[in-house]
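Colleague: From TrEMBL, for reference:
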BINDING   His73, Gly114, His115, Ser116, Gly146, Ala147, Asn174, Tyr285, Glu366  thiamine diphosphate binding site
BINDING   Asp145, Asn174  Mg(2+) binding site
REGION    287-311  region 'Disordered'
DOMAIN    315-478  domain 'Transketolase-like pyrimidine-binding'
Amino acid sequence: MKKLVEYDFPRDLKDMSIKELDLLSYEIRDFLISNISKTGGHLASNLGVVELSIALHKVFDTPKDKLVWDVGHQSYVHKILTGRAGGFENLRKFGGMSGFPKVKESEYDTFDTGHSSTSISIAAGMAAARDLRGEHYNIAAIIGDGALTGGLAYEALNNAGASKTKMIVILNDNGMSIAPNTGGVSRYLEKLRSSQKYTEFKQKLKKNVAEIPGIGKGVVSGMQHMRDSLKYAVLDGIMFEELGFKYFGPIDGHSVEDLIRTLELVKEVDEPVFLHVITQKGKGYRSAEETPSKYHGTGPFDPTTGKQHSSGTELSYSKVFGRKLSQLARTNSEIVAVGAAMLEGTGLKEFKQKYPKRTFDVGIAEAHAVTFAAGMAAGGFRPVVAIYSTFLQRAYDQIMEDVCLQKLPVVFAIDRAGIVGADGETHHGMFDLSYLGHMPNMTILAPADSNELESMLEYALTLEGPCAIRYPRGEAAQLDFYQPIAGSLVQKEGRDLEIWAVGNMVSTGLEVCKLLEKRGLDAGLVNARFVRPLDQPAIEASAGRTGLIVTLEDNVVTGGFGENLAAAIMESPVKVLNFGWPDCFIEHGSCGQLFEKYGLDPESIAERIWNYIEKQA
Ligand SMILES: Cc1ncc(C[n+]2csc(CCOP(=O)(O)OP(=O)(O)O)c2C)c(N)n1
Ligand SMILES: CC(=O)[C@@H](O)[C@H](O)COP(=O)(O)O
Ligand SMILES: [Mg+2]
């Protein structure tokens, strides 16, 4: 039997029979399990779209026809079917293949994605561009039921449905976001899924397709006939029909045959089509079927037992945050937690178990989460909104207008701040200090270790306005900082220079001081703690003690802590050197590799400081 790397995909799919395609789906699942068990990656979502991806590449003429994968974490099978099986050895590794669609990686990847709920907008825009140019090809957006909880998807449905342009929205409905999906739309989809009509549709589909005389006009009239005889399906999908889409389904997303038949039909429709496909997250791998959330994004695991190698016992910042919040909520009944489809990732699972009524998971809806929290704060509560740094970018305006403008006491627990590693450029949380740093009334804190995170959370909940606490992905440092949160913390004064480090960069700063000491330099270290407001008196005092201030932050330099500090003492003769991420998008790789490549590891920083001082001498 041929290996997946030996096929000429997608061309080879065109000659394969349904039976061969069924066999191929087994082969692809084996390949995914075997490879992801070594590299880690998004397993469960990909196992769920094996047949759908095969059918799409069988029916559509890619890359002329365009496929847009929402989020893109489920694009692995698409990658296999477009000649990239060989890339899986280095999936998400430094210099290796990305875990998301990348235009620069393949002509079959139509758009760089990573953040949810964008696919329908992208497809609608592509369709408008195609129509304006008078071109003819198919465009399909493949969106999950989780991604369909995001507001942008509805703005796009509203616009695309009314436009009457030819495009296909395929809903990959598995009832799951990372965790079980939530909300009213999810309940509506559940109703469609569990309806008897699902099986009836399958029977009618077979019967009607058999009656279709050929292609072109025949297909269209056959399809019209089918739709007429499937009035119930139209009724069931009424919400999408009312928005201007022709609704088809729901169909079995694990039947290659049904998928191919239906796609052949809907691709002939000259209007917006909404095709509802039912799949199972984790399909074909027992551990992932039983606990899809655990295999949504997984590290390496034993493929035979399903046992994940990383024990998950490390004390992450997320866990420290969740544990402390639960503890504070015991005595403060005004504390409520707000999340956006990432309760587990942000450490709120324990809080939800203890305080289900005080936990609000709004779905993949970060902008709504923030304004919802603003509403709760206006109603007298103390909302704590836990969102990853990269996803909070979505809610810039809501933080500014709905929270800061009214100085509402909302606490933002910003997880995954700084570089995150394997997810890469769409997911690094390296902009929050810049996008929050200019917001009036906002306090921004960054803990250097787990104790500081706890103290900062306690402190934030005493403030009368908004406060953001940002901390990185992964294991929490244990530096034993117990001092109360009042301003910056001078660890050590320095004669030759003083380093002002933000959050996780305090650990780096300690290393840099040691390395410089070996070269005979007396470097001091200040744990900034407050990114906003700046601790002006302490900064001025530091500038008075030394001729050089060095700032370290796990954030883009542009508009970050260091630039603000430099501006705050621009009249002083002290020189300021800023270290942070350069003004560009940073690729995927391990955090260690990225810090090294961009000169942000202790050795590179010490070297640059040394060279700078040498040059000045
Ligand atoms: C704006 C944004 N918020 C959160 C996420 C994190 N996230 C990635 S995939 C996912 C679940 C998506 O569910 P669904 O679209 O149904 O796809 P499935 O994994 O079920 O195939 C979430 C919440 C994201 N990528 N983008
Ligand atoms: C695809 C996506 O956006 C999430 O699944 C993300 O990969 C989760 O990252 P963490 O592993 O940091 O929770
Ligand atoms: Mg889903």
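Each Cβ is built from the backbone N, Cα and C atoms, and glycine gets one as well.
Here the structure is a predicted model, which means the values were calculated and not measured.
Give me the structural setting of these features: burial, nearby parts and distances.
Modeller: Around the Cβ of His115 (thiamine diphosphate binding site), the number of neighbouring Cβ atoms within 10 Å comes to 20.
The Cβ of Asn174 (thiamine diphosphate binding site) has 25 neighbouring Cβ atoms from other residues within 10 Å, across all protein chains displayed.
Here the region 'Disordered' (287-311) has long-range neighbours at 33-34, 36-45, 47, 73, 174, 176, 178-179, 280-281, 344, meaning same-chain residues at least 6 beyond its ends whose C-beta is under 8 angstroms from one of its own.
In the predicted model, the domain 'Transketolase-like pyrimidine-binding' (315-478) has a mean pLDDT of 98.
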Colleague: At a 10 A cut-off on CB-CB distances, which of the binding-site residues Asp145, Glu366 has the highest count?
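Modeller: Per the Cβ count within 10 Å, the most buried is Glu366.
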Colleague: How big is the gap, in Å, between the Cα of Asn174 (thiamine diphosphate binding site) and that of Asp145 (Mg(2+) binding site), rounded to a whole number?
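Modeller: Rounded to a whole number, the Cα-Cα distance is 7 Å.
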Colleague: Whole-number Å only: compute the distance from the Cα of Glu366 (thiamine diphosphate binding site) to the Cα of Asp145 (Mg(2+) binding site).
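Modeller: Distance between the two Cα atoms comes out at 16 Å.
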Colleague: Any idea what DSSP makes of Glu366 (thiamine diphosphate binding site), helix, strand or coil?
Modeller: helix
Colleague: Give the residue from the binding-site residues His73, Gly146 that has the most other Cβ atoms within 10 Å of its Cβ, counting over every protein chain displayed.
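Modeller: Its Cβ has the most other Cβ atoms within 10 Å: Gly146.
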Colleague: Which residue counts does DSSP give the region 'Disordered' (287-311) for helix, strand and coil?
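Modeller: With helix first, then strand, then coil, the region 'Disordered' (287-311) has 4 helix, 3 strand, 18 coil.
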Colleague: Considering only the binding-site residues His73, Gly146, Asn174, which possess a Cβ situated under 6 angstroms from at least one atom of ligand 2?
Modeller: His73
Colleague: Whole-number answer please: how many Å between the C-alpha atoms of His115 (thiamine diphosphate binding site) and Asp145 (Mg(2+) binding site)?
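Modeller: So the Cα of Asp145 (Mg(2+) binding site) lies 14 Å away from that of His115 (thiamine diphosphate binding site).
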Colleague: Compute the C-alpha separation of Asp145 (Mg(2+) binding site) from His73 (thiamine diphosphate binding site), stating it in Å without decimals.
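Modeller: It is 14 Å, counting Cα to Cα.
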